Amino acid sequence: MSKTIAINAGSSSLKWQLYQMPEETVLAAGIIERIGLNDSISTVKYDGKKESEVLDIPNHTVAVKILLEDLLKHNIIAAYEEITGIGHRVVAGGEYFKESAVISQQEIEQIEELSALAPLHNPAHVAAMRAFEEVLPEVLNVAVFDTAFHTTMPKHAYLYPIPQKYYTDYKVRKYGAHGTSHYYVAHEAAKVLGRPIEELKLITAHIGNGVSITANYHGESVDTSMGFTPLAGPMMGTRSGDIDPAIIPYLIANVEELKDAADVVNMLNKQSGLFGVSGFSSDMRDIEAGIQAHNPDAVLAYNIFIDRIKKFIGQYLAVLNGADAIVFTAGMGENAPLMRNDVVEGLSWFGIELDLEKNVFGNYGDISTAESKVRVLVISTDEELVIAREVERLK
């Protein structure tokens, strides 16, 4: 019996899902949180049960050991030998990786080298890879890159309008992110629409704590909102999205606690977006509650958020010369009907119309009116399944 674990590692977390392959059956899922902090928590979901335990988990290697022990303890597996593949989500693959790759020491070093492109993510991915190599040295490890799907972008879309030597010598360009999600929901959208993806023009909107919009032409990414790093694009939960780059030296020169570029980038990554503007939360549910309570900062944060998403969708309607569908996915994309309504309401000139009842009560499929010139879909993303499939493909 072949089992594959799909891993999404963060700096202090390890999210996982165990699949029976090739049947694609989810056997168990879980998350280990607060790695390296006090009161680490391991949560396992299996057979309709959910169990959590507070443990001492100082690093990712210990986290991996606990994950595997949990699988045995709860009789989810009978022996480690049943695990035949580990798939790792990797945010930044740069130009090294145009598709998923079997991991050796060389690949780990290259992923680590690309940490500047995803400083919040790649170091954690490397830590998880090394942990699995230490604990299960004989098992195949595969890296699945968020950036791989976007390698089809044309040069005029991925190059910045700066001297080309900065691309040729330093690889400064747009790489994008969330590619695994955009790939999955585009193909699922084609199924919902009952048309081959090779005929479709789609705008996919991955709206979670991170936000990215992608223009998909006939199954390929031709432009996307995240850039050299996942900091670019629309406003996000704690990330600013696009700002005038001249703001950075201005803040360094004038704000005492922002001593250098690293301080400013940290602020833009972790203290901005919905959290920074509202002053109290990066969670859209809290922002909506703040709006109900007539909090002006919550209203402002929400309005900026909606405005930035509409602008990117408008850009990509122009890039694609129209679209067959707009697809909402990820945490907010799937679960925030007010946000979807307000985004689409600003696109009515394009003949895009939501069915208000379907928008509120439908959680999958077409939520637009019969008259809408562009379909509006809600599709649940499943990056873990794509990762498991890639492991199976590379075995």
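Numbering starts at 1 and runs along the chain as displayed.
Keep in mind that glycine also has a Cβ here, set from the backbone N, Cα and C atoms.
Feature annotations, courtesy of Swiss-Prot:
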type     : residues     : note
BINDING  : ASN8, GLU383 : Mg(2+) binding site
BINDING  : ARG89        : substrate binding site
ACT_SITE : ASP146       : active site, proton donor/acceptor
SITE     : HIS178       : site 'Transition state stabilizer'
SITE     : ARG239       : site 'Transition state stabilizer'
Fill in the blank from the handout: Candidates ASN8, ARG89, HIS178, ARG239 (recorded positions); nearest Cα to the residue listed as 'active site, proton donor/acceptor' turns out to be HIS178
Problem - Winner by Cβ contact number (other Cβ atoms within 10 Å) across the recorded positions ARG89, ARG239 - result: ARG239
Exercise for the section: Could you tell me which of these recorded positions, ASP146, GLU383, has the greatest number of Cβ atoms within 10 Å of its own Cβ? Expected result: ASP146
Problem - Long-range Cβ environment of ASN8 (Mg(2+) binding site), under 8 Å and at least 6 residues apart - result: LEU14, LYS15, TRP16, ARG89, GLU383, GLU384
Practice task
Return the residues near HIS178 (site 'Transition state stabilizer'), defined as same-chain residues 6+ apart in sequence whose C-beta is under 8 angstroms from its C-beta, sorted by sequence, else 'none'.
Solution key: ASP146, HIS206, GLY210, SER212, THR214, MET226, PRO230, ALA330
Practice task
Tell me whether GLU383 (Mg(2+) binding site) sits in a helix, a strand or coil according to DSSP.
Solution key: helix
Practice task
Translate the DSSP assignment of ASP146 (active site, proton donor/acceptor) into the three-state scheme.
Solution key: coil
Fill in the blank from the handout: Simplified DSSP label at the residue listed as 'substrate binding site' comes out strand
